[in-house]
Structure formats: C-alpha cells, structure tokens
C-alpha cells in the first residue's frame, strides 16, 4: 500500500512539473502553490569542478609562460634556433658550437672574415670512410702528436696546387724550391741521400759530417765540388787517397806547392858543404814516394836513397 502511494505521489509530481513547464512556455498563469525543483551540480561536486577548472587554468598559464621562456632563451626565429640558421645552402652556425655526439657532414666552411677553429679537450679526429663504412683515412690532432693515417699524405701550395710534400709507403717527396734545416744539430740521415744539388745559405758554411762513420759521395757521371770565391780544403788524420782507375789526376794552378816533403842526402866531391842550399830537385821513388834532393850539376836522385827504402 505504501509503495503504491509513493508511486502515485511521484507521478503526481511529474505531472505538476510538466504542467509548470507547459505554462511557462505558453505564458499561462501558474498556480500560487507551485514548487520548483532545481536541476544541476551542487555541493562538493560543484566545488571539485571549480577546483579542477582552476587547476587546469593555472597549468595552462604556467605552460604558456614556460613556452615563452624557452622560445626567448633558445632564440627561436623563423630562420632557425639560437646560433643555428637554416639557409638554402645548408646550416649556418654563429659563434661557438659544441657537439656532444659524432657529426656527419659533407663540407664545413667558416665565415669569410674569421677562421675555422676545431677544439676539443682531448683530441680532434677526422675520419674518412668509403661507401661500405670502412675507414680509409684518419687525421688525429692530439696533445702530444699529430697523426695521419692514409695511403698517401700530400701538402699542396695554395696558389697553383703544386705538391710541396708527399709521403707514402715507398717514398717521401719534397717539392719545395728549397729545403732549410735550422736545427743546431743539422739534418741526420740514417741511410743514403740522393740529391742533385747541395747548397749552403749565403754567407754561411756548408758542412757535411759523419761523427762516427765514413762519408761517401757517389755519382755515376761525376762529383763536382767547387768554391767560386773561397778555398777548398781536404784534411784527414791518416792517408789521403786520390785515385783514378781509367783516367788521370790533373792539377792545374798558377803554382803547385808540396809542403813537408822529406829531404834526401847526396854526397859529392864537387859539392860545397859550406854553401847554403836553396834549390832542390824533386825525386820520385819506385814506390811512388816523393822527396827532395839537393840540386846539383846533374841529377842527384838516387833510387837507393834511405827515403825510398822506408815503408
């Protein structure tokens, strides 16, 4: 009975609400004792909704502020970001740029009014690879050495592209007009040296020295040593050999002097022992030795001289 009564009351309320809505739309007069039932979100649900809307608004404001700050700090523009500019020819970097990971590029150019500087705390390594990814060349600039690993290393002139220095497994070529060594110890060569011309600096002496071994100069078509405005001296501690296997030894000068030649003795009844001897005769022993003998009316050379008998 109570349940049916409640259902009747609810149906009555719904009928009254429909009547009220109909009278509002048709501008009909409402009864004085009509009751309104509000429809919406009230209580703690309304407070939670306002809180979430306020939190979302604050989050949007903070996000917008952070976005504006990042754009300002990173210097975002239409052309690029910060020191990075995107152009038709590629990417342009202004100022100092740091790369934390490997950089793969085809060409690197600096500005026309400034040099290109590559800097690293440890070393700078430039690698060249083929289409299969294999290493074909490497240039490493370290704190103690500069190393280049390649099949052939070349240094060319900037004007005409002439090769100034090249090195490979077989040979090292120096294409400069002049090789200058300014070290105090000079140039040290462990093996033979082939060159068409050796010349000293103007007003400087040229010295070829082997401190502990012998020094040899060989040429199939001759060796020429000339001193146009000075003396030529050859000194040694022991023997000095001048040998020509098929030709001759030619001495051509206004005067030829042979110093410290031994003087042989010659006894003759006609010679005056008291007179001072000023003229000597140059004698040659059978073994090729030279000595001086006092000049007389005839030849004073004797093959049995004591000088010729010396070893």
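Quick reminder: no glycine exception, Cβ is built from N, Cα and C everywhere.
Swiss-Prot lists 285-301 with the feature disulfide bond.
Marked as N-linked glycosylation site by Swiss-Prot: 75 (among others). Counting every protein chain shown, the Cβ of residue 75 (N-linked glycosylation site) has 11 other Cβ atoms within 10 Å. DSSP assigns residue 75 (N-linked glycosylation site) to coil in the three-state reduction, outside any helix or strand.
Shown in sequence order, 140, 141, 142, 143 are the residues of the chain, 6+ apart in sequence, with a C-beta less than 8 angstroms from the C-beta of residue 123 (N-linked glycosylation site). Annotated N-linked glycosylation site per Swiss-Prot: 123 (among others), in sequence order.
Look at Swiss-Prot and you will find 1-50 tagged as topological domain 'Cytoplasmic', backed by sequence analysis. Taken together, the residues of the topological domain 'Cytoplasmic' (1-50) have an average pLDDT of 62.
Marked as topological domain 'Extracellular' by Swiss-Prot: 72-311.
As annotated by Swiss-Prot, transmembrane segment applies to 51-71.
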Inset, instruction - Using all protein chains in view, find how many other C-beta atoms are within 10 Å of the C-beta of residue 301 (disulfide bond). - result: 17
Legend entry - Mapped DSSP class for residue 301 (disulfide bond), helix or strand or coil: coil
Legend entry - Rounded to the nearest Å - Cα separation of residue 75 (N-linked glycosylation site) and residue 301 (disulfide bond): 108
